[in-house]
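Notes for the one structure printed next.
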Amino acid sequence: MKDAKELKLMTLEDVLSQIENGMTIGIGTGSTIELLIPQIAELIQQKNYTITGVCTSNKTAFLAKELAMNIVDVNDVEKIDLAIDGADEVDSALNLIKGGGGALFREKVIDEMADRFVVVVDESKLVNYLGETFALPVEVDKFNWYQVAKKIERTYDIHVSRRVNEDVPFITDNGNYILDCSLQNRIPAYELHEFLIHLTGVLETGYFLDIADQVIVGTQEGVKILNKET
């Protein structure tokens, strides 16, 4: 049986085939992207492509620059042709939960800018509903994070915890905290997103709703491609 890494590696050929010379691409954050970046760099070198990359995190930018990729700031581009990223959960409508790597705000900015957004996952990320297996990340200001957490818990049957990294609070590239919201039962994603995004102190939620154009899934039986219904 193939492990998660092997399943992700299976999908990368389908991703690379969508990269064309002259593109500006959005590059996500996380374990899947760490596998993909060296292959993008190799593609650029082998085919002598001119590719501009816009990264969703400082970590991704560092990895890409180490491989001599041309990386620019998001404010230096007018458009993004193709965004590529992983996801923590994917439902049947290709809605996502993202933010396990803590880069959800920048990921959403870049993914929404892109003409086409392609997601790469292994089959364990496919769920019946968002929040079924993975806590929803919410990026919040440090100033009132506790009040935001308690407001969420008072309103919904949700357990909220502030994310920590080696016993200290996790800090995003934007200087904020992440609240991980574990749903105790099914809550409609659009409803919960609207509630959360209007709380003072919330920058963004990890719900990526109606954004993905395609999800490439590595399964034990092979690669499965899911396309957004139009």
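Using the three backbone atoms N, Cα and C, a Cβ is placed for every residue, glycine included.
The substrate binding site annotation in Swiss-Prot covers Thr29, Gly30, Ser31, Thr32, Asp85, Gly86, Ala87, Asp88, Lys98, Gly99, Gly100, Gly101, Lys125, and the record cites sequence analysis as its basis. Under a cutoff of 8 A between CB atoms, and with a sequence separation of 6+ in the same chain, the neighbours of Lys125 (substrate binding site) are Gly86, Ala87, Asp88, Glu89, Val90, Val217.
Counting only same-chain residues at least 6 apart in sequence, those with a Cβ under 8 Å from the Cβ of Glu107 (active site, proton acceptor) are Gly28, Thr29, Thr56, Asp85, Lys98, Gly99, Phe208. In the three-state DSSP scheme, Glu107 (active site, proton acceptor) falls into the helix class. What Swiss-Prot lists as active site, proton acceptor is Glu107, and the listing cites sequence analysis.
Counting every protein chain shown, 29 other Cβ atoms lie within 10 Å of the Cβ of Asp85 (substrate binding site). It is Thr29 that, of the binding-site residues Thr29, Ser31, has its Cβ surrounded by the most other Cβ atoms within 10 Å. The Cβ of Ala87 (substrate binding site) has 26 other Cβ atoms within 10 Å, all protein chains considered.
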